[in-house]
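Reviewing the structure listed below.
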Ligand SMILES: Nc1nc2c(ncn2[C@@H]2O[C@H](COP(=O)(O)OP(=O)(O)OP(=O)(O)O)[C@@H](O)[C@H]2O)c(=O)[nH]1
Ligand SMILES: [Mg+2]
């Protein structure tokens, strides 16, 4: 089955915890602190590959998690870094934040990759907390939790030419004539339910990719028929092949059909409305010379010169292929179609953190919330040791958090939340 949308949850690894440990040496009973740091958690990376072309693998597997970092060891030994999880997606995958719809990445080239969930930092071991006043600190940090992101993947197929038109116009018939693709063809509307890609060869060495999408009808942009769900697949094509059944075999007027499709394209996106078109009149085998001339004249009156073909007999089809190829040559080659060198550089999705470089205090019902870069680290202190509690108090005092709490009207005994920690305010 062709799957072009998926909703998945990506979770990076959590950082390993720091360790409290002291050096043991013969003849030196009181060694210094040597607890190592936890390792970083693994990132979750989405990477575009041309080896797959559907999002099928995400239909049943929703949760993807990278490895956690290892805990710190004695003798300053750092925990091992968690392995990154590299998730392959087809080229043309667009990644959006599920909740907000915000665009996170557009993986249009093979090899392109992006870090969606960054691994948690490892916690520091007690060797970092030694000071003149604290020779044997029993202080350590826990690893930062991994990030969890629900994202929506959308696949936009990459093709040079998009074939569009009413149902039954003969789009699939044409694709089967010009490529080795054999889509289903039938004399009823909406035969095609999912996009079909076909490679069209112009000569021995050159070719282009065409995509046949389900037919459009008037009101498709409001959801009529199969709606405009598939139009996104031709948004990225460079050229539209607008196929019109000019024989009137469906009892409709070809000129009207042509205009209806154009207004549907326009209603969907200005990008589609402005895309260059080759207008093609199909089913000329059902018409006599006179009827064909008549229709040509009517189109010409609105400034449109269509290319006459019969997708069934093949009349005019070869010329059409050359015509499309010539048009494509004139258009800027969009880099999406260039199999570029795999891009090894990783882009990271940046999300705004708590504002400023320091901290903010907010009152929330019964408690005060302290957030900000300056205090994130502190929120990871393992408070099971009195040393750590003391250290936390010193640091909060030093940063001015206590002063800010006082200013905000905190009283002795009020609850203060710092990350996942909660403690009582004692001025
Ligand atoms: N006589 C004649 N019939 C054609 C021609 N092209 C297509 N047809 C017929 O028109 C009918 C519809 O063709 P399809 O290729 O399935 O049309 P489509 O545009 O893909 O239709 P949907 O997938 O439903 O949107 C079939 O019965 C085809 O045999 C043509 O050039 N001449
Ligand atoms: Mg079809």
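Don't overthink the numbers, they just go from 1 along the chain as shown.
Cβ coordinates come from backbone N, Cα and C, glycine included.
Record features (TrEMBL):
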type: BINDING; residues: 165-172, 190-194, 212-215, 282-285, 310-312; note: GTP binding site
type: BINDING; residues: 172, 192; note: Mg(2+) binding site
type: DOMAIN; residues: 1-158; note: domain 'Obg'
type: DOMAIN; residues: 159-329; note: domain 'OBG-type G'
type: DOMAIN; residues: 351-427; note: domain 'OCT'
type: REGION; residues: 119-141; note: region 'Disordered'
Folded-back contacts onto the region 'Disordered' (119-141), same chain, C-beta under 8 angstroms, at least six residues removed: 12-22, 30, 32-43, 66, 69, 72, 76, 78-79, 81-82, 84, 147, 377, 380-382, 385-388, 391
Average pLDDT across the domain 'OBG-type G' (159-329), rounded to a whole number: 90
Around the Cβ of residue 194 (GTP binding site), the count of other Cβ atoms that are within 10 Å: 17
Greatest C-beta neighbour count within 10 angstroms, which of the binding-site residues 171, 283: 171
Rounded inter-Cα distance in Å - residue 192 (Mg(2+) binding site), residue 214 (GTP binding site): 5
Surrounding CB atoms that lie within 10 Å of the CB of residue 168 (GTP binding site), all protein chains: 22
Close-lying binding-site residues around ligand 2 among 165, 168, 194, 214, 283, 310, where CB distance stays under 6 Å: none
